[in-house]
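Just below is one structure, and these are the notes that go with it.
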Amino acid sequence: MAHPTQLGFQDAASPVMEELLHFHDHALMIVFLISTLVLYIIIAMVSTKLTNKYILDSQEIEIVWTILPAVILVLIALPSLRILYLMDEINDPHLTIKAMGHQWYWSYEYTDYENLGFDSYMVPTQDLAPGQFRLLETDHRMVVPMESPVRILVSAEDVLHSWAVPSLGVKMDAVPGRLNQTAFIASRPGVFYGQCSEICGANHSFMPIVVEAVPLEHFENWSSLMLEDA
Amino acid sequence: MAEDIQQKLEKYRTAPFDARFPNQNQTRNCWQNYVDFYRCQKALDAKGVDTAPCDWYKRVYKSLCPLSWIEKWDTQREDGTFPGKI
């Protein structure tokens, strides 16, 4: 989850997010290099006592500062497209979960075998236990088996919402009447937080998402327990 | 044929990739399987044949379609206002 004074991304919890993180490091490095170069040139130009009023053109430098940016752009585009196509790969999910957005909570449906469905409301601040995170915790978490490809079908029952979990590298708009598909693999066990990412009314900031990735046996125990309670 | 369907149903984990719906928008995937199940049931019932092969479509639409959509469509079918042709 996010922490105070955080500058970068949250730790990646899925292979796709790891790729995005590394790509961002790569692109940002290029941005810093170019910005440093430009800043240096500006300072050098501003602080020199030399003047030259007679340069009209220069073919060589024009060639360099056309070709070099083109090369840099290719160096950015290739890893970017690689990740784009990686995200678009046909995956074979082990499990399908539906995330339905409501005003102002999420509901999750696990219907591959039985009809398991439950609502997930934010825990109000006054009801938090010590150590829990304000505006992020929910009464029921979306539990998934770790290291398994999971298909999430996102939709909404009233207005637009958006289901986002940054550490998994997932964000998908929830549109009423439409079923949007996304997928992820949780590479490690853990608890991953997200928040509704499309303005949806008064409590838009108070309908968080919590994904809990656990070993498969724990997932099976949890789903049996949830079915009994329902 | 029926044995293949039985085997597929026993090994069923979740709705597999369907090349007819390769993209992000899976609305039509859910709709198509729902409609296909009831059409299959109607057709096989009319012929007096066992409707077990239709169960594949049922498993898939149960995996994909939100419960509220299924309830709404079931009610519409009972009322005769279902928008699809079955």
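Cβ coordinates come from backbone N, Cα and C, glycine included.
Copied over from TrEMBL:
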{"type": "DISULFID", "residues": "B:CYS30-B:CYS65", "note": "disulfide bond"}
{"type": "DISULFID", "residues": "B:CYS40-B:CYS54", "note": "disulfide bond"}
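According to DSSP, B:CYS65 (disulfide bond) is assigned to coil rather than to any helix or strand.
In sequence order, B:CYS30 are the disulfide-bonded residues among B:CYS30, B:CYS40, B:CYS54 whose C-beta falls under 8 Å from a C-beta of chain A. Listed in sequence order, B:TYR61, B:LEU64, B:CYS65, B:PRO66, B:TRP69 are the same-chain residues six or more apart from B:CYS30 (disulfide bond) with CB atoms under 8 A from its CB.
Neighbour density around each Cβ, counted as other Cβ atoms within 10 Å, peaks among the disulfide-bonded residues B:CYS40, B:CYS54, B:CYS65 at B:CYS65.
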